[in-house]
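Features as listed in TrEMBL:
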TRANSMEM  12-32  transmembrane segment
DOMAIN    49-183  domain 'Peptidase S54 rhomboid'
TRANSMEM  62-80  transmembrane segment
TRANSMEM  87-106  transmembrane segment
TRANSMEM  112-131  transmembrane segment
TRANSMEM  138-158  transmembrane segment
TRANSMEM  164-182  transmembrane segment
Amino acid sequence: MNISSVSQPKLTHFLIASWMLLIAVHLVNLLLSMKLNYFGVIPREVSGLYGILFHPFLHGSWSHLIHNLFSFSLFSALVWQFKPNRIWLLLLLGALIPGLFVWIFARTSIHVGLSGVVYFLWAYVVLYGFVRRSIKSVVISVVVIFLYGGMAWGVLPIKEGMSFESHLFGMLAGAVIGYMFAKKDAGNQVQCETN
């Protein structure tokens, strides 16, 4: 599955729009003295439920935002390789599932950032590729593990001020969803080949 000439501009537009939106939100947040971060996930607080939806748009610093944007762009482009029309569903699941588990289980703090979605996409790409078992998907998974396997350290509580819970729940949710979609897609291909 190559990115077609029609699909490539759509991917580029998607990534540019994502960058513009997240940078604009961060600029507004800076103008408001970072008060928008109170719309992050606040575990077990009713007011923190909004954060399940809004936390991926909020960041604590420019470096936090830029790091997440580069990772998000890379893994979104890889997901686009498998199923471009699935990106919106995966982004929604990548925000809601980890956000909900952070709200239920995480330390009491305000959890913000796109990294839960990034970890979701990372794990999705790896599991989808290995379970799907096409040459292309396995190669992508191996390259991602080789180049980005160090991300796994982010699921451990080793850095002060980092929401390892977002990383952990994003990774677990992405792995489960990647496995489920790969099995579904493999089943659809077998049905097409036998009919």
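Glycine residues also receive a Cβ, built from the backbone N, Cα and C atoms like all the rest.
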Among the ranges 12-32, 87-106, 138-158, the one whose Cβ pairs under 8 Å to the transmembrane segment (112-131) are most numerous: 138-158
Segment confidence, the domain 'Peptidase S54 rhomboid' (49-183), expressed as mean pLDDT: 95
Folded-back contacts onto the transmembrane segment (12-32), same chain, C-beta under 8 angstroms, at least six residues removed: 57-59, 62, 65, 68-69, 72-73, 76-77, 80, 87, 114
Touch test for the transmembrane segment (87-106) and the transmembrane segment (62-80), at least 3 Cβ pairs under 8 Å: yes
Same-chain residues at least 6 beyond the ends of the transmembrane segment (62-80) whose Cβ lies under 8 Å from its Cβ atoms: 3, 7, 11, 14-15, 18-19, 22-23, 26, 86-87, 90-91, 113-115, 117-118, 121-122, 124-125, 140, 144
Helix, strand and coil totals (DSSP H, G, I; E, B; other) for the domain 'Peptidase S54 rhomboid' (49-183): 111 helix, 1 strand, 23 coil
